[in-house]
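**Q** Have a look at this one.
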Amino acid sequence: MTNGGRNGEENKNLMNGEAKAEPETFAQFLYNKDKGTVLGRTGTSWCQITVFYIIFYIFLSAFFIGCLSIFLRTLDPKVPRFYGKGTIIGVNPGVGYQPWLKENPDSTLIKFNLQDSKSWEPYVKQLDNYLSKYKNTNETRDCGASDNNDALETDTDTFPCRFDLGLFEKANCGAKDQYGYKSGKPCVAVSLNRLIGWRPVNYDDGSVPEEIKGRYKPGSITINCEGATSFDKEHLGKVKYIPETGIDGRYYPYVFVPSYQQPIAMVKFDTIPRNKLVIVECRAYASNIEHDISTRLGMVYFELFVEDKKPVAAPAA
């Protein structure tokens, strides 16, 4: 017998002299009748590993739920864990306005035609919806001129100050006057974003900005609206503020309570030109409100376009 023949016979045997097992096929891996295995495991082995993983994942889930429960207990549902300076919330309130149509959320254009009620009715409806929350006066209280919401921070039994919309009605910026949109003297509601614990800080004597010197009242947030460009400033016309001193500071600080009523001010554009687009820049003023044009900090922009022309009839189908 040649060396090649002897080597071939030796390769078929293990070192202990037993014959090598034939390579297992994929079908045999799936189910091996001789060994009684499925996917390489016997029934007993499958039972053992199944029980192990069931117990393992039960303990793992219990550990996760326990950690999550401990974490949630450290959170206050009314106050963010981190807020104020150095946090993403910050200390400088943003400025918002209404009406802002949800159907076109990316647009800051307020455009309507005096001769087409369908064009200005959506703005009236939006303001109706926005101001409807003030009709619920449950768990609120009347606050006098010297009262405020200071007690809300320490006394959970105190109700927040009730915000009265009557001032807007008297100035023809209420629902009965369609907020001025029907007459072409639109009113825009201006408010500050809610920041936990924030309240306006008064200007020092002599440091009140020129833009608001005649209207500034300590304790309030004065609103001032101007045209964004020289063209806009020229055509903006007469602007009326309701109240004249801006947002009343006695409704601060903001505290998370369900019945809290956010203070607002109305800006009425009495002589806005017809058929001209005017870009408006409104700023909120208090000593602790910063302004930054690049990030629009402490200010808000929107466009006004009041048309006065016969609406174009829709083509017949």
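Heads up, the Cβ atoms here are built off N, Cα and C, so glycines get one too.
Note that the structure is predicted; figures quoted are calculated from it, not measured.
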**Q** Name the cysteine that pairs with CYS173 in a disulphide bond per Swiss-Prot, restricting the answer to CYS161, CYS187.
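**A** Here Swiss-Prot pairs CYS173 with CYS187 via a disulfide bond.
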**Q** Of the listed cysteines CYS161, CYS225, which one does Swiss-Prot record as disulfide-linked to CYS282?
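**A** Looking through CYS161, CYS225, the record in Swiss-Prot gives CYS225 as the partner of CYS282.
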**Q** Is CYS173 (disulfide bond) helix, strand or coil when read with DSSP?
**A** coil
**Q** Helix, strand or coil for ASN138 (N-linked glycosylation site)? Use DSSP.
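**A** Looking at the DSSP assignment, ASN138 (N-linked glycosylation site) belongs to neither helix nor strand, so coil.
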**Q** Do you know offhand how many angstrom separate CYS187 (disulfide bond) and CYS225 (disulfide bond) by C-alpha?
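**A** With the alpha carbons as reference points, the distance is 12 Å.
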**Q** Specify the count of other C-beta atoms within 10 Å of the C-beta of CYS187 (disulfide bond).
**A** 25
